[in-house]
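Copied over from TrEMBL:
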| type | residues | note |
| --- | --- | --- |
| ACT_SITE | Asp404 | active site, 4-aspartylphosphate intermediate |
| BINDING | Asp404, Lys405, Thr406, Glu509, Phe551, Lys574, Arg605, Thr685, Gly686, Asp687, Arg802, Lys808, Asn832, Asp833 | ATP binding site |
| BINDING | Asp404, Thr406, Asp829, Asp833 | Mg(2+) binding site |
| COMPBIAS | 1163-1172 | compositional bias 'Basic residues' |
| DOMAIN | 123-264 | domain 'P-type ATPase A' |
| DOMAIN | 912-1159 | domain 'P-type ATPase C-terminal' |
| TRANSMEM | 64-82 | transmembrane segment |
| TRANSMEM | 285-308 | transmembrane segment |
| TRANSMEM | 339-358 | transmembrane segment |
| TRANSMEM | 976-996 | transmembrane segment |
| TRANSMEM | 1026-1048 | transmembrane segment |
| TRANSMEM | 1060-1082 | transmembrane segment |
| TRANSMEM | 1094-1115 | transmembrane segment |
| TRANSMEM | 1135-1157 | transmembrane segment |
Amino acid sequence: MWRRRLTCLFGGEEKRVDSRTIHAGRGSSPVADAFPQQKFCDNRIVSSKYTIWNFLPKNLFEQFRRIANFYFLIIFLVQVIVDTPTSPVTSGLPLFFVITVTAIKQGYEDWLRHKADNEVNKYPVTVLEDGKRVGKESEKIKVGDVVEVLEDETFPCDLVLLQSSRDDDTCFVTTASLDGESNHKTHYTVPDTVKDVESLHATIECEQPQPDLYKFVGRMHIRRDGQETAVRSLGPENLLLKGATLKNTKKIYGVAVYTGMETKMALNYQGKSQKRSVVEKSINAFLIVYLCLLVSKAFVCTTLKYVWQNQHGQDEPWYNPKTQQERDTNLYLKMFTDFLSFMVLFNFIIPVSMYVTVEMQKFLGSFFITWDKDFFDPEVQEGALVNTSDLNEELGQVEYIFTDKTGTLTENNMEFIECCIDGFQYKNHKFLTETDGLCETDGPITITLNKAPEELEELFLRALCLCHTVQVKESQPVDEIDGVVLDQVDGFSPSPEDQCAFIASSPDEVALVKGAMTHGFTFIGSDSKSMKIRNRDNRVEVYELLHVLNFDPVRRRMSVIVKSESGEVLLFCKGADSSIFPRVRKEEVDRIRVHVERDAKEGYRTLCVAYKRLGNEDFARVDAELREARLSLHDREEKLMAVYNQVETDMILIGATAVEDRLQDRAAETMEALQGAGMKVWVLTGDKMETAKSTCYACRLFQRGTELLELTVGALGEGEGKREERLLELLLEYHKRVVHDTPPSKTGLHRTWSSPGQDYGLIVDGATLSLLLNASPDGTGSHYKNLFLKICQSCTSVLCCRMAPLQKAQIVRMVKSSKGSPITLSVGDGANDVSMILEAHVGIGKLKSDHTGYNSRTLVVPARFPNIILFKHVSKSPSPSTGVFLDCLLDPVLCGGCSNAGIKGKEGRQAVRNSDYAIPKLKHLKKLLLVHGHLYYVRIAHLVQYFFYKNLCFILPQFLYQFYCGYSQLPLYDAAYLTMYNICFTSMPILAYSLFEQHISIDTLLDHAALYREVAKNAMLRWGPFFYWTMLGVFHGLLFFFGVYCVFSNPALLPSGQVFGNWTFGTIVFTILVFTVTIKLALDTRHWTWINHFVIWGSLAFYILFSFFWGGITWPFLEQQRLYFVFINMLSSMSAWLAIMLLIVLSLLPDVLLVALRRPRGRNTRQKKPRRLSPGDPKSPGFNMVPLISRRVTDEPNSLC
């Protein structure tokens, strides 16, 4: 890898050669002699970050790049170098603790990566060498080696398929660990390769490694003894990618073309950008304020010290004369040294331990999501996944939700509903027809006996049976069960005599094939050269497969060219109506269009079907052009696209199909709850407007009273110039109607159930978005974009249809960068949703409905149970540890050895791998946000404010003490107290609070979505609450110091008349401090668990025991023991006891009164049983706290405060 980069940098061979030449088999090739000899990397995978030699320096360098760590390192060095009043241990020990904990965590994670790398690199493989099968480790594979791979094994490197055990020269693979597509894909051997790979003599020319999984360009020169060299094109259908798994094929042989870090899997690994939560930004802002406080305190004390010393007799008192060295010291240097000393003395106002506590809270808190049994889905056999624990609190701050439609709002479980042939409608399962005259009303459809000509019917059904990439897998009978076989895509059961299962990369293709079966045409199977179907007469028809024009999102269609038994060459094409209608005869469009539009309004997915007859001359020309384009090493895709567009013209439109994608369970309830919580939901989809609009109505995103505004190509009219003028007119009109003429809602919502104003919904398509988002040089595009954004933000819901994946990301970026920087969340399930998932503040991936973590195969089940899916558990998927399993979802490199790890489904799990969180169903999004998000935000916000508060209480008495000790930098507290205050005495209670606190019960949060708005827009970490906590810290600090100072007005506090000293003064202040901040947290706790009791009262007990032992024993390692018997003597004074208890009560009295006033009133409040409130119920009496762990309802009522 490094060698390749260096040679590119210094103009080596990689820079001169844009393709590589690989010798496969025996001997060398005269053709290849013209190419320079190239060197290739080995097959080792390296995903680890550290080695045993560079771990310490590299990890320390990365940790000290953080400002907080670097700041405390400087403070520690100042304490070591300068004569400061506190020991370097007081700052060095906390810093050492933080650095050590972080290093252990990162070292463990990297050890897991090393372990996963070794598992992949040491995996045994079989390589053909000199005609013999030789066992090797995977890392020893070289480019040009012929590798043998068995069924259910993963490919150890990128291979060109040479030979397959299947008779049709194909093999099936799954690429779930690469692109998330878990369904079977078909790959083909290179034509004309010899059956005996041991005698292979060939040279491969292909492009240099590049990360595109779906692109591969090359050609193979195959030489035979005494024959002319054959040249065959190589494409992605011939390339088997590292990390993919061989399925339903006993054995294959392939030649290695890319190895190690040059494989497509390794090149595709790209670390996700670091997302920062709003809490982290607030912490940084608060930290700046406290840094200013720290500098101000040090500056004030330094200034006052020299003002005081300038007074006569104060600079050098008789009892403390200066040394000669002190007299000779430069004044400004002495002032700077004193300033640094005061900085060190007050530096504990900056809570270094807060960063560790926050990290632990996020890490441990993320387990509550994965442990939540409500997220477990029996169909997926998996619960929620957390890929990023840094954004837990961000789930409670979401303002905009961007969701995909297919597979997210809907199930992506396709069912054939009906088809239209020559204007006549055919319902599924029944051969019903209707006339071409369809009314636009919602009334019943009149059924007649008219139907399309039988010849046209059969042609349409043949097109459905031939124009696809579906494969048929023969059933594998099981001894103990007999019956019919399940379809691997969605559980469809064909007739018993077929005994086969359909394998496809897309569920809608299987739905169309099954739809043709209901009307008498059955697809039997195919190989690389032919396709077989059974017609209505039960006769098998065989078609020679000449070419497949694959589907791509730009063309939005696919075609096949076949030759019938009579020698007729036919092109069958299916695709979106916008792609097919311009390529067929105009007179045929109208009678099909009305059916397509009607089906789209009902929410069905539609495809149009067309065909074309090719004469011998036409086919010969097309065949030559296709072969020439496929042999090209440069611009192959562009050349193929040109041929595709040329041949797919002047077709004859036969009909259209309608496939239903059912709505997700409780999708409407979830969307309604999210909108009630103040979130605005935008639907971003590539489907047609009518289909998406119907789904939005079904999900209650659009209500019957919602006025829909359209910004679509149809609304803009024809002509480029007229479109821009019309677009500006519509934007100004909608802006006046929605923004200017609509009164602002107090709640921020525009729903009919919460505000009396008119609801607006906006519909925009991809073509219009291109005009809006691509700003023109004169600045009008920016004006359009601003108007469009204001309109969207004033609408209740927005529907964006006919969108490309890049446009989805552009929409998310536009909203999140708007005024106020609203928090955005994207949820999707497919590879086309990855861009918007990565762009949003929080990305949610939807898990798929397939079995997880086991090798499985289709079983035969009794015919009386056609809808049951059974799996035979063969073996648990390989996974080094739980940690590596989670890493596999994040890191494609680590997935190389986990052939079945992860979640599999109809569209794959690429969205899951790139997301921050993953949930099985859309309905789980409601609890994830309204419960987990709300509680996480409240907990961590309280944690942050509490940390700054308790450190201000801690250091303010130290600052005040300087006014009474001549600014001598004398510490108020003992060094042990300075060190252990944040580490031991006060850290565990707030950590337990931040993990288990529930100020409102889970049922209440679910039933009252409006509660989510109370913490929205970072409500608990604004400047108002921050200054409240700061003022509270100032009040407590002043009370601690001056309260004890008043007690010390008579220093003889012991019965014997003995006088207390300054260390007793500091110990009393510290005791009051520890008890006050801990009991303050106890008063704030609404939900108590045994853990809270243990850590709160245990921390206080530990402080007392520590003080007894620290001051009651002579420690030999201490040069001076300032607290020797201080704590014991303090407790022997009744005045000290009285002062401690009185000051604690006075400090907490405001909190006690606040809690008392907020408690629910009523004589029988405690006896009320908990009841589940319906949404919209205005009454909300004392609600019960429900623990996240035990999920039990307590009897203690709590208020909503």
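Glycine is no exception: its Cβ is also placed from the backbone N, Cα and C atoms.
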For Thr406 (ATP binding site) and Asp833 (Mg(2+) binding site), determine the Cα separation and express it in whole Å.
-> 11
Checking the recorded positions Asp404, Phe551, Arg605, Arg802 against Asp833 (Mg(2+) binding site) with a 10 Å Cα-Cα cut-off, in sequence order, leaves Asp404
Grouping DSSP H, G, I as helix and E, B as strand, the residues of the domain 'P-type ATPase A' (123-264) number 13 helix, 69 strand, 60 coil
Take the C-alpha atoms of Arg802 (ATP binding site) and Asp404 (active site, 4-aspartylphosphate intermediate) and report the distance between them in angstrom, rounded.
-> 12
Cα distance, Asp829 (Mg(2+) binding site) to the residue listed as 'active site, 4-aspartylphosphate intermediate', nearest Å?
-> 8
Counting only CB pairs under 8 A, let me know which of 64-82, 976-996, 1060-1082, 1135-1157 has the most with the transmembrane segment (339-358).
-> 64-82
Taking the Cβ of Gly686 (ATP binding site) as the centre, how many other Cβ atoms fall within a 10 Å radius?
-> 22
Contact call for the transmembrane segment (1060-1082) against the transmembrane segment (1135-1157), three or more Cβ pairs under 8 Å = yes
Could you tell me whether the transmembrane segment (1135-1157) and the transmembrane segment (976-996) are in contact, taking contact to mean 3+ Cβ pairs under 8 Å with a sequence separation of 6 or more?
-> no
Residue numbers, six or more beyond the limits of the transmembrane segment (285-308), whose CB comes under 8 Å of its CB atoms | 68, 314, 335, 338-339, 342-343, 346-347, 349-350, 944, 948, 951-952, 959, 962-963, 966-967, 1026
To the nearest whole angstrom, state the Cα distance for the pair Phe551 (ATP binding site) and Asp829 (Mg(2+) binding site).
-> 20
By Cβ count within 10 Å, point out the most packed of the recorded positions listed: Asp404, Asp833.
-> Asp833
State the Cα to Cα distance, in Å, between Arg605 (ATP binding site) and Asp829 (Mg(2+) binding site), rounded to an integer.
-> 18
To the nearest whole angstrom, state the Cα distance for the pair Gly686 (ATP binding site) and Asp829 (Mg(2+) binding site).
-> 13
Local Cβ density at Phe551 (ATP binding site) - other Cβ atoms counted within 10 Å | 18
Cβ atoms other than its own within 10 Å of the Cβ of Arg605 (ATP binding site), all chains, total 21
